[in-house]
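TrEMBL has this to say about the protein:
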type	residues	note
TRANSMEM	27-47	transmembrane segment
TRANSMEM	92-109	transmembrane segment
TRANSMEM	116-133	transmembrane segment
TRANSMEM	165-187	transmembrane segment
TRANSMEM	199-222	transmembrane segment
TRANSMEM	242-263	transmembrane segment
TRANSMEM	275-298	transmembrane segment
TRANSMEM	304-321	transmembrane segment
TRANSMEM	333-351	transmembrane segment
């Protein structure tokens, strides 16, 4: 089902690529991929490791739900309360969150289309490289917030400060960790002093920083022995599966090639890549890419990396858009295979957890 969703939505966006966002029918044309996208996610059954936990929370609200209110995750709390009030089956939680996540993502796609990005290409990379769609089936709270973050970056960059702050507050009501989204204001401030060469410098220099950062965090925690040392020996400081690290390293060749092309005087400047927002996203990407290295030592800190995973799209989009524009068919085919084959393998031969789809309709 994942493969069908991928190719249906990609091909559909390709067919309507020439339709202007000013066309009154534009929003209606986006309904078919939106409905499929949210329905597949909303009708999942026991996909991932947290499915039964959310079912248990919904069915035992007096026992489990209050802590989310105390944490300030009010949207999650009240969605459960509202669905319980109308006697919705527990699956309703997943369907409502699927609607929310899908609206945020498609809203972002529509925003990019108005800025001349090639949406079918952007969607293809989003689906196959970031794995946000698969992961949102499992971590519904975190990914409701995470799917709003792309819009937050755009609103922050375009100086829509009030809208940005409201969006971050909304994200926090889904998942408390979203408080870190306020860092976009720091990124926006620093971006004033950044050029292409310094983004590459950040990309190189941040690798050792993220590698050694967990050791300093451990030193800080051990300085408070009565309160925090137990975290060091808990599940939160176990290392991530090395396979997760490998899936990030896999994209380094294409990222290095991107910087090689991006730094050239005659670099590609079409299809949104000449926009200041694109440059802003590349800057954030250069600072955050290596954050996955933290997961080598502390899996709880690896969530930092997942918040910025959507930024992987931009360097890959640049290389593919340039290749398509120059009609380099062999190179384009190679790049498409490079990004799609690993995903196809993950949802077929190696399918497990959030990559192994099961539907509520057939269970």
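Note that Cβ sites are derived from N, Cα and C of the backbone, with glycine treated the same way.
A TrEMBL annotation is a machine prediction, not a hand-curated record.
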Positions on the same chain near the transmembrane segment (275-298), where near means CB under 8 A and six or more residues out: 115-116, 153-154, 157-158, 184, 187-188, 190-191, 194, 196, 199-200, 202-203, 206-207, 209-211, 213-215, 217, 236-240, 244-245, 248, 255, 262, 304-305, 308, 311-312, 314-315, 318
Stretch in 27-47, 92-109, 304-321, 333-351 most in contact with the transmembrane segment (165-187), if contact is a CB pair under 8 A: 304-321
Intrachain residues whose Cβ lies under 8 Å of the transmembrane segment (92-109), provided they are six or more past its termini: 30, 33-34, 37-39, 41-44, 51, 54-55, 58, 79-80, 83, 119, 122-123, 126, 132, 136-137, 140-141, 143-144, 147-148, 150-151, 154
